[in-house]
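Copied from TrEMBL, the annotated features are:
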| type | residues | note |
| --- | --- | --- |
| BINDING | H113, D115, H173 | Fe cation binding site |
| DOMAIN | 95-205 | domain 'Fe2OG dioxygenase' |
Amino acid sequence: MVLLKGFVKPEDQIGMVRMCRQLGKGLGGFYRPSYKNGAKLNLWMMSLGKNWDLTTRSYGPTRPFDGAQAPTIPDAFKMIAQAANSTANEFPQINPDVCIVNYYTNSGKLGLHQDKDESESSLTKGLPFISISIGDTAEFLFGNTRDKDQATKINLESGDVLILGGESRLLFHGVSHVKTDTAPSWLKEETGIRPGRINLTFRQY
């Protein structure tokens with residue numbers, strides 16, 4: 001597990017916010033995913049490359065509720081993720097074919113969970129997932145169980161990249177809360193980003 005503080009350059013953060021906004025308004029853009037019981041996650045989600053469906057916990061080319069195809073991952077996004085991957089050279093290099101984009105409002109959060117819906121080959125090899133934070137700071141939790149009281153807490157700030165692979169690939173992780181008005185002033189001025197946080201997680205299925 002490696003945290004690269006402030007890895008994403010300001011100009012790249014600005015570009016990512018603008019591109020996420022453009023993609024999020026189009027077909028296959030942001031929506032609030034629901035569990036099988038109808039309860040909704042406390043965030044907005046968009047899948048790039050392949051669609052990930054919460055109810056079936058599986059990947060596919062389209063999402064079931066509207067048939068929209070997952071937009072292509074922008075090359076600029078891949079380049080930033082792969083540059084972070086190379087910097088943390090203890091991990092094998094991945095060729096991301098999935099990017100899950102989550103937008104958290106200031107009341108957004110995500111319970112402790114494991115990312116384990118990728119292919120058996122990807123999980124067996126311990127291929128990392130690469131998580132980029134943009135916007136307001138989030139309190140990130142991780143640990144060996146779903147018990148949030150036992151979890152370790154760290155702050156993920158705008159531009160930070162967190163990489164989990166190998167033995168840490170299946171750690172439980174989540175977001176307890178987003179810290180209000182902590183995004184860089186230049187990011188708000190250049191993009192008009194709403195209060196909250198964008199998180200982009202890259203994986204190789």
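Cβ from N, Cα, C; glycine included.
In sequence order, L112, Q114, K116, L171, F172, G174 are the residues of the same chain, not among H113, D115, H173, whose CB sits within 8 A of the CB centroid for the Fe cation site.
Proximity of H173 (Fe cation binding site) to non-local residues of its own chain (separation of 6 or more, Cβ distance below 8 Å) is seen for L112, H113, Q114, D115, F140, L141, F142, G143, L164, given in sequence order.
The domain 'Fe2OG dioxygenase' (95-205): residue composition by secondary structure is 18 helix, 47 strand, 46 coil, according to DSSP. Of the listed binding-site residues H113, D115, the Cβ environment within 10 Å is emptiest of other Cβ atoms at H113. Looking only at the domain 'Fe2OG dioxygenase' (95-205), the predicted model's pLDDT averages out at 96.
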